[in-house]
């Protein structure tokens, strides 16, 4: 019987709990729980639940169970709100935590302690994940079964979604053939056709591209569905259509429903998630930060409602849940907890890189495979249960892919999710994880249904999958015209090609097709679905929380980009110091109007400097847009919650910069000394910076591409600059432009600065001869309103512009989409035309052979370049043959053996290779004390001619690192060890000539075609002895080998934006190296991102290359059986860069299998299992732990290691009579030929860059017309010195802003090409000087055209004197000014690590160019200690040349305030310090600046390397 005192205390405890029901503070809850536990007796039935009903004597474990029962009972008494946020966490027996443990009969007993799930500490979360999901794939399944059992026990129905689609058609209208190339001519035609289209005239010749044709099907919940199909079959389009994310410009028809609801009846972006094949992330954030942000934006969805319902049912049924399941469900159901992130990190294998930044092109971060997993994880951390996953395994090894797909399968089966996954090369064991298969080909569904029936269907059609052939690989090849015949099994019938429409018709008659049609004909029963299955609200997280989350992210990104802001601040300080010493107080006076104009000039300079300081926001904002668009499309947040933090977070840095600037310049320059005016001046500087940042942000948001944004930014500054009232006073502005004066923010900044200064007592207490106050007179001369109230009006206007620009920025983010979509280039010829052309090509090759050789050529034989060149050169090689099943896998005859072009077979040996990098700061901050991190450890091996070597290992094992080290591509780190080429120490300069490297990232010049890319590589890298005709034949044959012939005229494009698809780019990367005819080829994941058929094509090419006697090494991630067994030898690495196997594969991989099966504890390989996948599985880190063995140590003690070391020793000595590699020159081609070829490529690049060249020509045209109308006939109005200053201002603005624009817009073009340059230079194609010279020369014709357009408009409209000499000089000065500004922009990029730094650096020098141009402060007024810089300022020489060439000989008289009338010629000499007879020197100096900037660009591109490898 219970003790009465206990009963009273229990009642008191319960009363206390209810009294605090409204309080949600975790500490209060814990305090109440503690009191309840101290006073509560054990409940017999509850205790029995935990300890198990038994008559045995109570033990320590029973006491612990009683304690847990008491805690559950106490939890049940909490208010619902607190109860759903409090869980029980296990505490180890030896921990110092609250829990108490005991050990008995060999078992460890655990107690639990209560925790607030919202405030779980990092250590608690990590301990929970480590304990519950120790071996991710096994423990995840066990845990999810327990979670599902809890839900089923309570009788809760899980919300599910069934996706149906009926008769979906998608098509696009596009140009075909060369008309699709983005040349200047084609784009001009497009613009003309669009304008004519507006008036109903349609001359555009477009072709309909059918992407999806009448597809229907069902994606069911609780079933894993695999989407397969060859490239360009429409897989991505189907996934986008089902997710409701299709481009609105596409023509679509048909119906897509979720549980019977159309896409317009709910919010598909919140219900379903499309996981893209493109990895778009903020490179500055760590993996965990990226996922935390995603989780906070997506919220918890219906998880909290499900938990409430579950807790209610369990309370009614008297069920107590498993503490770990309960804690997990509670922690993942409340906002603010990050346990969901920790869980996803663990099951996707990202926990080991959780604190590593993602990285980008110039910032080292996680690997490509890890980025791919991060893209998947970003959506898995959310509550979405409908997932459309597009090629999520690219770049992952098969073992990792298997683990991820298995974890997703567990989530699907246990959580009743709806998932459709497209994979490129699923291994057989991965294929087995799927329940259903959907096969897409040519935009039509060939099969959809259970995996078990797919082979039955194709056998009925007459095709069978061979043994040791993956079913997925078979499915992707069986519909292909080139691959189908090998699978034909109806020997009694002659084979004929079965087309895709025939397969579709046969499927409709197949029993699965009939079943599918029947199910689609029955409407979905909406009454049976769970109410929360679909999401009907666009907002799942409160606006305030989203705002806080976005602010935190912006602040984090700002800290990670601190270099940019520090650089900007330091630059501002330097410019402020320079400006202070130019406008030095001791040199300035306040005596008359001339002195006032100097102060006005100083204020204008302050204004322009702070205006230009916002220019960096252009590139910073543009860099953020791709990630924003992705988040916006997922409805992570509203656009304004991205824009507002962007503004708010930058306010402190802007305020700091403003204070620093004003503190340095204000009193040093000698502005009005009153404190109030100091702070008013500071306010205007700050508001001006905010306005400028807002202006450049909205420019980036509206334009969205780098070149157009930079051009628009320059245009905006030009309009504000010219119409701001300080170059051309308001009264002198033509009436048709006065509106722009009032719309220019610089107008108000100019008024505010001038009014604040000139209304100070030191100006207002003095008078000019006509009786006006000096301050008023200066303001009138400057065209500024004299009423002092204008200061506040102008400051308010700046605030208004700031708000307006930021609102417009938000609207642009809300309504505009990113520019550029993936495009398809259709060949213009029909099939028959293609066949005719193909016949001509073959006839041409036959003709060559017939001329050179007496042997007849069979009309049915396969003509390969191997044979052609053998016959042409009489050169052949006899090497041992080897047959491989995959070579004929596509029904082709293997090419004849032989050397395509003469070359020397070479082998490579390496001994004890170690590679270290400096310890990352993230690891040092976690307590790691070592200074270096070892990535490769004691690797030895050899690569030999005619032997194809696979370099394998799990993600992060160091495969790419080893290849970079051996090929000499590493730019940092510390390398130890010996590398030999045919027995001689490796010399990188000669090695680059005989080697090729296919990088994992497909980096190519975006604006040239496929064939042009190959011609460029071949003509630069093949020896001079090979004539041009042979090179072209060779290129065409390589294109045919890698099946790029149909795409030879397709533009390469930028990844994910336009041009080639991922797999097409991969094949191009390989072809670019193959046309160089190298002796040793490194290939970094050549089949990554390819489907099985494309991978087979690539591997056929690789095998053919090896068979010619070359040495080829490939890293490979997910090889099918066919591909894996095409290799001869294997070098297998484990994490940490250690070798665990180095030797031959053997027939059917038997040697590898035998080696690992001989290790104690390793399970035997299953029948038909892929040896590559099995090998990675049995040698994984988890296997090492389970078997208690170190595979690296086992290998080092094996006879295989001894044989490898012996081979390395043998091959490290040169053969007798051999010579080391020698080339008379470093490069294959002469410097002049390199220049010609680089110029050829640059010419096509520029011709096909309308966003650069058309835009800048348009800018020049617009600027010319605008300035011509603003300064209309200004050359005729020359009565006073004020008129002359306006004329000079017009010329200054006219030339300067086109120059600035050229400098800004060339930078992104050069930056993109610089990335390609790094790859091509590393490949030994050319030296830096010819490349740079070609880039310099190709600009000249475009700048010339720009200058012609500009001067022919500006010169007559401004009414300058029409004499040949004066026009020539105006043209000459303009041309060289535009040219040196262009080269200055190129130089800026060459000395900067990225575009952001280049833009900040550029803005600083634009400011200094302005300051010392001689316009704002004439040379005679510049302090003598700064005159030297005046002579070094290129813009000063431009202004000098413009003024002297136009007015150096004018003898007319003009009025000068306060002085007698003067002639123009002596006035120019006295006021500006210009000598009219100095024009020849000016011309030479302008040409000299052009050469200097071009040379500096070339020198910098040669010596500086910002690539990190």
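Note: Cβ is positioned from N, Cα and C throughout, glycine not excepted.
If you look up Swiss-Prot, you'll see 196-467 marked as domain 'ABC transporter 1'.
The domain 'ABC transmembrane type-2 1' feature in Swiss-Prot is assigned to 545-758.
Per Swiss-Prot, the feature domain 'ABC transporter 2' maps to 908-1160; the stated evidence is sequence analysis.
If you look up Swiss-Prot, you'll see 1233-1447 marked as domain 'ABC transmembrane type-2 2'.
The transmembrane segment feature in Swiss-Prot is assigned to 563-583 (among others); the stated evidence is sequence analysis.
Swiss-Prot lists 651-671 (among others) with the feature transmembrane segment. A Cβ distance under 8 Å defines the sequence-distant neighbours of the transmembrane segment (651-671), meaning residues of its chain 6+ beyond its ends; these are 558, 565, 568-569, 572-573, 576-577, 579-581, 583-586, 588, 599, 602, 606, 609-610, 613, 677-678, 681-682, 685-686, 689-690, 693, 757.
Swiss-Prot lists 682-702 (among others) with the feature transmembrane segment, giving sequence analysis as the kind of evidence.
Tertiary proximity for the transmembrane segment (707-727) is limited to same-chain residues at least six positions away from its ends with a CB under 8 Å from its CB atoms, namely 600, 604, 608, 611-612, 615, 618, 622, 695-696, 699-700, 733, 737, 740-741, 743-747, 749-751, 782-784, 819, 1251-1252, 1255-1256, 1259, 1262-1263, 1266-1267, 1270, 1286, 1289-1290, 1292-1293, 1297, 1300-1301, 1304-1305, 1307-1309. According to Swiss-Prot, the feature transmembrane segment maps to 707-727 (among others), an assignment based on sequence analysis.
Tertiary proximity for the transmembrane segment (733-753) is limited to same-chain residues at least six positions away from its ends with a CB under 8 Å from its CB atoms, namely 603-604, 606-607, 611, 681, 684, 687-688, 691, 695, 719-721, 723-726, 784-785, 790-791, 793-795, 797-798, 801, 1269-1270, 1272. The transmembrane segment annotation in Swiss-Prot covers 733-753 (among others).
Annotation comment: Swiss-Prot describes 791-811 (among others) as transmembrane segment.
Here the transmembrane segment (1252-1272) has long-range neighbours at 184, 187-188, 707-708, 711, 714-715, 718-719, 722-723, 728, 733-734, 736-737, 1246, 1286-1287, 1290, 1293-1294, 1297-1298, 1301-1302, 1305-1306, 1309, 1342, 1345-1346, 1349-1350, 1353-1354, 1357-1358, meaning same-chain residues at least 6 beyond its ends whose C-beta is under 8 angstroms from one of its own. Per Swiss-Prot, the feature transmembrane segment maps to 1252-1272 (among others); the stated evidence is sequence analysis.
Taken from Swiss-Prot, the feature transmembrane segment covers 1284-1304 (among others).
With a threshold of 8 Å between CB atoms, the same-chain residues lying at least 6 positions outside the transmembrane segment (1367-1387) that come near it are 1295-1296, 1298-1300, 1302-1307, 1310, 1335-1336, 1339-1340, 1343-1344, 1346-1348, 1350-1351, 1355, 1360, 1402, 1405, 1434-1435, 1438, 1441-1442, 1445-1446, 1479, 1482-1483, 1486-1487, 1489-1490, 1493-1494, 1496-1497, 1500. The feature transmembrane segment is assigned by Swiss-Prot to 1367-1387 (among others), with sequence analysis given as support.
The transmembrane segment annotation in Swiss-Prot covers 1397-1417 (among others), and the record cites sequence analysis as its basis.
Taken from Swiss-Prot, the feature transmembrane segment covers 1425-1445 (among others).
Residues or ranges marked as transmembrane segment by Swiss-Prot on the basis of sequence analysis: 1478-1498 (among others). The list of residues near the transmembrane segment (1478-1498) in space but at least 6 beyond its ends in sequence, with Cβ under 8 angstroms from a Cβ of it, reads 1328-1329, 1332-1333, 1335-1336, 1369, 1372-1373, 1376-1377, 1379-1380, 1383-1384, 1386-1387, 1390-1391, 1434, 1437-1438, 1440-1441, 1444-1445, 1448.
Between the transmembrane segment (1397-1417) and the transmembrane segment (563-583) there are 3 or more Cβ pairs closer than 8 Å, counting only residues 6 or more apart in sequence, so the two stretches are in contact. Distant neighbours of the transmembrane segment (791-811): 639-640, 643-644, 646-647, 680, 683-684, 687-688, 690-691, 694-695, 697-698, 701-702, 745, 747-749, 751-752, 755-756, 759; these residues of the same chain sit at least 6 beyond its ends, with a Cβ under 8 Å from one of its Cβ atoms. Of the candidate ranges 545-758, 908-1160, 1233-1447, 908-1160 has the most C-beta pairs within less than 8 angstroms of the domain 'ABC transporter 1' (196-467). Sequence-distant neighbours of the transmembrane segment (563-583) (same chain, 6+ residues past either end, Cβ-Cβ under 8 Å): 598, 601-602, 605-606, 609, 613, 616, 620, 653, 656-657, 660-661, 664-665, 668-670, 1396-1397, 1400-1401, 1404, 1407-1408, 1411-1412, 1417, 1422-1423, 1425-1426.
Long-range Cβ contacts of the transmembrane segment (1425-1445) within its own chain (Cβ-Cβ under 8 Å, at least 6 residues beyond either end) map to 578, 581-582, 1288, 1291-1292, 1295-1296, 1299, 1366, 1369-1370, 1372-1373, 1377, 1380, 1384, 1408-1410, 1412-1415, 1419, 1468, 1472, 1474-1476, 1478-1479, 1482-1483, 1485-1486, 1489. Over the domain 'ABC transporter 2' (908-1160), the average per-residue pLDDT in this prediction is 86.
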